Every structure is written in C-alpha cells, then in structure tokens.
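K.L.:
Annotation source TrEMBL lists Mg(2+) binding site at Asn20, Glu56, Asp217, Asn219, Asp346, His347. Positions annotated as active site by TrEMBL: Tyr176. Summarising the annotation, TrEMBL assigns active site, proton donor/acceptor to Asp217. Residues or ranges marked as site 'Transition state stabilizer' by TrEMBL: Asn219. What TrEMBL lists as site 'Important for catalytic activity' is Asp321. Taken from TrEMBL, the feature active site, proton acceptor applies to His347. The annotation region 'Disordered' is assigned in TrEMBL to 396-419. Feature annotation from TrEMBL assigns domain 'GRF-type' to 482-526.
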Amino acid sequence: MHIPPKDVVDGDCVRILTFNVNGVRTLFHYKPFHDWTPSLTKTFNYFNADIITFQELKVSRENIDAKLGCIDGFHSFISIPSTKKSYSGVGVWVRKYPSGHPLSPFLTVLKAEEGISGYLPIKLTKNCTVRYRDDPSIGIGGYVDTLEEADALKLDSEGRCVMIELACNTVVISVYCPANSTGTDEGELFRCHFLRMLFQRVKNLETMGKRVVLMGDLNVCRDLIDSADAIQELGLGSYKGGCELEDKCAVQAQNFIMDHSKPHRRFLNQLLCDSIIPELAQGGLLLDSTRFIQKRDRLKMYTVWNTQKNTRPMNFGSRIDFILVSNKLQQSIRDSNILPDVQGSDHCPVYTDLRLDSALTGVTMSPKIPRFEAKYKYNLLNHNVMSMFTKGKSKTLTPISPTSQAESRATATAIDVKKRPASRTSSIDSFFKSSKQPKLVTPSNEPIFMTPSQECTITVPKTLKKATVPFFKNAFGDPPLCDHGEEATLKTSKTSSNPGKKFWICRRSRGDDRNKEASCKFFQWA
C-alpha cells in the first residue's frame with residue numbers, strides 16, 4: 001500500500017491521521033505492520049504522520065507499557081475507561097521535532113486534557129490532584145456547564161476523548177464517540193449528551209479564538225452519500241456521482257439528515273459550515289476536510305465496513321471517521337483522503353495535510369510537559385523498556401490463531417440501522433442516577449504487544465481437515481449452485497425464529513444491487 005507523501009515544499013505541512021484500530025494488539029497481525037517487531041514508531045513513520053490518533057485501543061491500565069506510552073520521538077497521551085477493561089480507549093501521539101526544524105514551533109504541546117467535561121482530576125504531585133477546569137495553567141478552557149458534575153463524569157468514564165493544545169493556537173480533539181449499538185433509550189441518551197457537550201465545547205473554544213481540529217470515529221454518518229445501506233434502501237444506486245444524487249434526490253438527502261429518529265445526524269450537521277442544509281450550515285464552525293478536498297461528487301468514500309457480512313471487498317460501507325477543521329483553516333488544507341487499502345481493522349485510516357503557518361502564540365521558552373502525558377499518568381518512567389524484548393529474537397510475528405484473538409470482534413460497529421424498540425426511561429435525570437456499576441473483570445498482566453515467543457499457532461491435523469468436508473456433504477448434501485453458477489456456502493441461522501438451522505447462500509460478499517460481481521442474494525434452507 002502506497003502512502004501519499006506530505007507536501008514539504010515549504011516545510012510547514014503537518015499531517016494528522018485518525019484510525020480506529022479495533023484493538024491495538026491486533027493491528028500487528030496484519031501487513032505491513034506484521035513485518036515490524038511491534039513498533040508504533042515505524043507505524044507512524046509509515047503513515048508519514050505528525051499527529052496520530054487511534055481509537056478503540058482496547059487495553060487496560062495494567063497493559064499500558066513503554067511501547068505504547070513512551071514512544072521514541074513522540075509525545076503520548078492515552079485515555080482508557082475507568083471501569084470497563086479492554087474496552088474503548090483513545091490515544092494521541094505528537095511527533096517531537098528538534099529545535100530549529102520548521103515544524104517544531106507548530107507541534108509544541110502546551111496543554112493536554114483527558115475527557116470533554118474538565119471535571120476529571122489530574123495528579124500534579126504525590127499528594128495533590130486538581131480538576132482541569134479549576135487550574136487555567138493546566139486546563140484548555142471552553143468548559144460546558146449544562147450537566148451536573150456527576151453526570152458529566154459519567155460521560156468521561158469510558159476513555160473516549162483526548163485534547164491537546166498546540167503553540168499554533170490550535171486545539172486538537174481526538175474522540176471515539178458512542179454509537180448506541182444496542183439500540184436502547186439509555187444508550188441514545190448517553191450518545192446525545194456526549195455529542196452535545198462535545199460540540200458545545202468546540203463552539204466555546206472557537207469563541208475563545210482557538211482553531212479547532214476535531215478528529216476520530218464520530219460514529220455518525222453525516223450525509224446520504226456516505227451510507228451504502230441508505231442509498232440501496234432508497235433505490236438510488238444508479239447515480240454515478242454524489243452531486244447528481246443530491247440534486248435529483250434533494251428531499252431524500254435532507255430527510256436523511258433531519259430524521260427525527262437519528263438526532264445525532266442533525267447535531268453533527270449543525271456543527272458543519274459545509275452542511276447541505278443552509279439553515280444548519282449558517283451556524284456551522286467546522287469544515288469536513290476530506291469532503292472539501294475530494295468534493296461531493298465522490299461516492300463510496302467509506303471508512304468502515306461490516307465484517308460479519310464481508311462487505312469490504314465490494315466497498316459497501318459507511319463514512320463515520322472524520323477530520324473536521326475550523327473554517328479558518330480552509331485555505332491551509334493541502335490534502336485529505338481515506339486509506340481503504342490499509343488492513344488491520346474494520347475501519348480504515350483518514351489523513352489530512354495542513355499548513356499551520358500562522359497564529360503562533362509567541363512561546364519563547366520550552367513549556368512544561370503536561371502531566372497527562374502517558375509516561376507520568378501511567379508511571380512508565382521507571383519501567384524497563386527492554387524487558388518486553390528479552391524473549392525471542394525474530395523480527396516477525398507468528399499469527400495468533402483466530403480462537404485466541406479475544407480482542408477481535410465479529411462485526412463492525414452498527415451505524416444508523418433500525419433498532420428494536422426498547423422500554424423508555426422516565427427522564428434524563430433518571431438515566432444518569434439509576435445506572436448500575438458494571439461488574440469488574442479481573443485484569444490481565446499480559447503485555448499489550450506479544451513477542452514472537454509468546455505467540456502460538458494451532459495446527460489442525462490433516463486427517464481432521466480431510467474428514468470435515470465429507471461430513472458436511474453427507475449431512476447436508478452437495479452445495480446447490482447460486483445464480484452465478486457457483487457452489488453456495490453453508491451458514492447457520494442465529495435468529496430467534498430459526499436458531500441453529502442451516503442454510504445455503506451465495507458465497508460472494510454483499511454489494512450494490514446493480515453490481516454483478518456482488519452477492520446474487522441466493523438463499524436456500526439446507
């Protein structure tokens with residue numbers, strides 16, 4: 001996979017990149033990352049990136065080590081859930097350039113925060129902690145006061161946000177927004193509160209005169225042209241370009257955004273100055289940098305796919321990963337795109353190149369490193385960095401068998417799909433007050449990245465492999481042919497009406513109805 005080079009003509013182009021890795025350990029089971037002894041430095045250099053954010057790290061506090069939090073040549077900032085183990089988690093890494101390098105002034109980190117509310121405490125000394133919003137020398141500012149402290153802390157309890165302020169008067173916000181994949185009213189309330197507080201914080205920072213970059217997995221599909229499911233459901237797959245689709249199907253495009261059952265789409269469009277709905281764009285502050293460069297005519301610019309349905313080969317997905325920048329930075333955008341050929345997750349990376357050539361804050365001395373930096377927050381300064389490499393000398397990793405990949409998931413995050421109705425909660429207040437503490441899971445002390453000697457493979461005896469095929473043929477007969485004239489594949493029903501029942505379907509992956517290379521939708525009970 002070729003990664004586009006940065007525009008370095010003037011030497012002041014910064015590349016920012018976001019990637020929902022769906023478990024940072026599993027990333028190194030895929031090429032090209034597999035060929036490097038687990039090294040985030042090599043990974044970041046491969047992307048030619050200066051500011052990198054990963055979402056869904058899926059690590060616990062006990063697993064954070066020097067290879068994640070003390071990376072040579074980078075500042076590291078990591079937020080993980082306070083209760084749930086190996087869930088969610090956001091990391092931000094900022095490249096450290098030597099003094100005198102053209103990018104050094106722009107990438108100087110002045111402040112860093114965990115969460116969006118400012119209520120989370122940060123440890124200053126052994127016996128002293130302070131909330132970010134209570135100390136202007138530590139907090140970035142722009143705090144929102146619409147929720148009680150306990151409710152706001154609940155939003156910040158899942159390790160979903162990291163903020164950093166740079167010396168170029170720019171605040172970079174990295175987020176992994178909740179998706180409400182269970183479809184409950186509680187989940188939707190949590191999601192809406194999170195988005196509202198996040199977007200209001202962005203507006204407050206803009207009012208303060210800051211430039212904002214909001215990047216990460218927002219778990220919101222902003223437009224009709226960003227959803228393969230919606231395009232197919234409305235029968236609009238015949239359009240070759242997004243401009244034609246939105247022009248001839250303007251009502252459907254606007255209804256997609258204003259759908260009352262999907263308020264998160266409207267929330268996001270209210271933040272965007274390039275929303276297709278003028279009334280929403282009028283108050284918008286941020287610009288979708290990737291859409292700005294790639295233009296609205298580009299379709300199928302998806303960033304996540306359903307792994308259970310294997311929709312990635314046919315590029316049948318949705319776009320929920322963004323790099324949104326202050327409209328003030330519109331002229332600074334040099335390039336932006338998705339990297340769909342990069343494997344390792346159900347998402348793909350997104351990058352934007354910016355020329356941060358103005359608005360330096362005039363810092364004349366080296367600022368103190370924020371106490372939120374991972375080496376301080378997770379006490380990594382005394383860790384033996386080389387202890388992780390004492391076993392094994394191989395430079396490559398042996399793939400872990402699928403049964404041992406506990407962190408991998410069967411499906412991509414469900415976005416904008418129809419949910420079964422759930423019981424309504426009485427009020428927003430009751431949602432926050434009646435929640436129960438999740439059951440704690442016993443933490444594991446295994447390292448984040450496994451050395452070659454720690455990994456294993458499971459070899460299936462050849463006799464067992466040969467015996468498996470005749471067994472299924474004897475039990476269910478020869479596979480029928482689908483409409484492509486190819487043998488169908490056998491699946492098991494997981495529905496409540498036919499649990500465990502076998503059926504045959506087309507073996508090709510799902511795609512657009514008009515795509516003859518996609519699944520023909522053949523179905524037959526076994």
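Cβ atoms here come from the backbone N, Cα and C positions, even for glycine.
Any TrEMBL annotation is an automated prediction that lacks curation.
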K.L.:
Could you pull out which residues elsewhere in the chain have a CB under 8 Å from any CB of the domain 'GRF-type' (482-526), counting only those six or more residues past its ends?
P.N.:
228, 232, 237-238, 306, 309-316, 472, 476
K.L.:
State the three-class DSSP label for Asp321 (site 'Important for catalytic activity'), counting H, G and I as helix, E and B as strand, and everything else as coil.
P.N.:
strand
K.L.:
Based on DSSP, name the secondary structure state of Glu56 (Mg(2+) binding site): helix, strand or coil.
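P.N.:
SS state of Glu56 (Mg(2+) binding site) = coil.
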K.L.:
For Asp321 (site 'Important for catalytic activity'), which of the binding-site residues Asn20, Asp217, Asn219, His347 has the nearest Cα in space?
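P.N.:
Out of the listed candidates, the nearest Cα belongs to Asp217.
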K.L.:
Under DSSP, is Asp217 (Mg(2+) binding site) part of a helix or a strand, or is it coil?
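P.N.:
DSSP call for Asp217 (Mg(2+) binding site): strand.
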K.L.:
For Asp346 (Mg(2+) binding site), what is the secondary structure state per DSSP, taken as helix, strand or coil?
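P.N.:
Once the DSSP labels are grouped into three classes, Asp346 (Mg(2+) binding site) ends up as coil.
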